[in-house]
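Novice: Reproduced below are the annotations present in TrEMBL:
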TRANSMEM  26-48  transmembrane segment
DOMAIN    41-290  domain 'G-protein coupled receptors family 1 profile'
TRANSMEM  60-81  transmembrane segment
TRANSMEM  101-120  transmembrane segment
TRANSMEM  140-158  transmembrane segment
TRANSMEM  200-225  transmembrane segment
TRANSMEM  237-260  transmembrane segment
TRANSMEM  272-292  transmembrane segment
């Protein structure tokens with residue numbers, strides 16, 4: 001590209017959901033309700049875990065971390081989208097776009113690691129129940145949660161620093177409802193092969209390493225459960241893992257679909273639909289999955305209500 005006759009962009013237009021007014025109003029209401037429900041559910045989980053000494057266990061400590069993460073995760077994209085619906089202005093400055101991209105990717109990477117940590121915790125609880133209290137100390141729980149957050153935020157910093165160095169010179173329209181890697185990269189008019197390679201390599205690392213830990217943990221859990229003599233014991237062990245396993249399947253199937261494949265292939269409208277699912281609806285679903293499958297949490301919520 002000749003850069004002489006191209007102006008460098010310093011703001012983008014997010015297309016969002018450019019349908020008729022009726023559909024937009026409906027979407028606005030759906031997203032607003034989803035946002036409020038997500039914040040409320042996750043805040044309740046954090047409150048319940050903090051206040052109850054019955055729940056001072058590693059599993060619930062990590063669940064509190066996950067709920068805290070989900071609150072920020074929806075807050076990175078949804079308020080801006082709702083404001084766009086309401087004001088009909090969908091422009092976003094280059095720096096705001098990069099900030100949104102950074103926090104969204106950071107929280108997603110953190111969730112990958114956190115879900116792997118939770119799988120390891122379940123593995124120790126089911127496969128080494130006698131040694132579990134000695135291994136999963138408060139100190140280790142704290143270190144593992146710090147590792148999740150620090151790992152997620154530093155990997156994202158590398159990704160976004162490469163993307164932000166690119167030059168963008170139009171068209172300035174992003175066919176998405178927030179600044180995501182793929183639609184932003186597609187607007188670059190400089191050679192982006194290095195940024196793409198770094199992004200793809202780090203996406204594989206942050207998705208595949210936690211995924212392998214989860215797979216190995218669940219293989220160990222499954223073999224231990226199948227060797228248990230009593231059906232009661234098997235049922236109890238299964239029930240402590242099913243909610244986490246459900247969340248893992250939903251989260252990783254969406255993120256692998258979006259981020260672990262070459263950039264140029266996928267149609268953007270499909271991207272938008274999948275993004276709505278994992279960026280807006282899953283944070284609202286996760287607390288429900290955890291609470292509906294969990295006897296202890298259900299009992300405590302019943303007492304509070």
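Backbone N, Cα and C atoms are what each Cβ position is placed from, and that goes for glycine too.
Give me the structural setting of these features: burial, nearby parts and distances.
Specialist: Within its own chain, the transmembrane segment (60-81) has Cβ neighbours under 8 Å at 16, 31, 34-35, 38-39, 41-43, 45-46, 49-50, 92, 100, 103-104, 107-108, 110-111, 114-115, 117-118, 121, 141, 144-145, 148, 177-178, 279-280, 283-284, 286-287, 290, 297, counting only residues six or more beyond its boundaries.
Long-range contacts of the transmembrane segment (140-158) within the same chain: residues 58, 61-62, 65, 102-103, 105-114, 117, 120, 198, 202, 205-206, each at least 6 residues beyond the stretch ends and with a Cβ under 8 Å from a Cβ of the stretch.
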Novice: State the residues, same chain only, that lie 6 or more residues beyond the ends of the transmembrane segment (101-120) and have a CB under 8 A from a CB inside it; answer 'none' if no residue qualifies.
Specialist: 59, 62-63, 65-66, 69, 72-73, 76-77, 144-145, 147-149, 151-153, 155-157, 159-160, 163, 178-181, 184, 206-207, 209-211, 213-214, 217-218, 244, 247-248, 251-252, 255, 279
Novice: Mean pLDDT for the domain 'G-protein coupled receptors family 1 profile' (41-290), as a whole number?
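Specialist: Mean pLDDT, the domain 'G-protein coupled receptors family 1 profile' (41-290): 87.
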Novice: Under 8 Å between C-beta atoms and at least six residues away from its ends: which parts of the chain pack against the transmembrane segment (26-48)?
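Specialist: Distant contacts of the transmembrane segment (26-48): 17, 19, 55, 63-64, 67-68, 70-71, 74-75, 78-79, 81-82, 85-86, 280-281, 283-284, 287-288, 290-291, 297, 300-301, 304.
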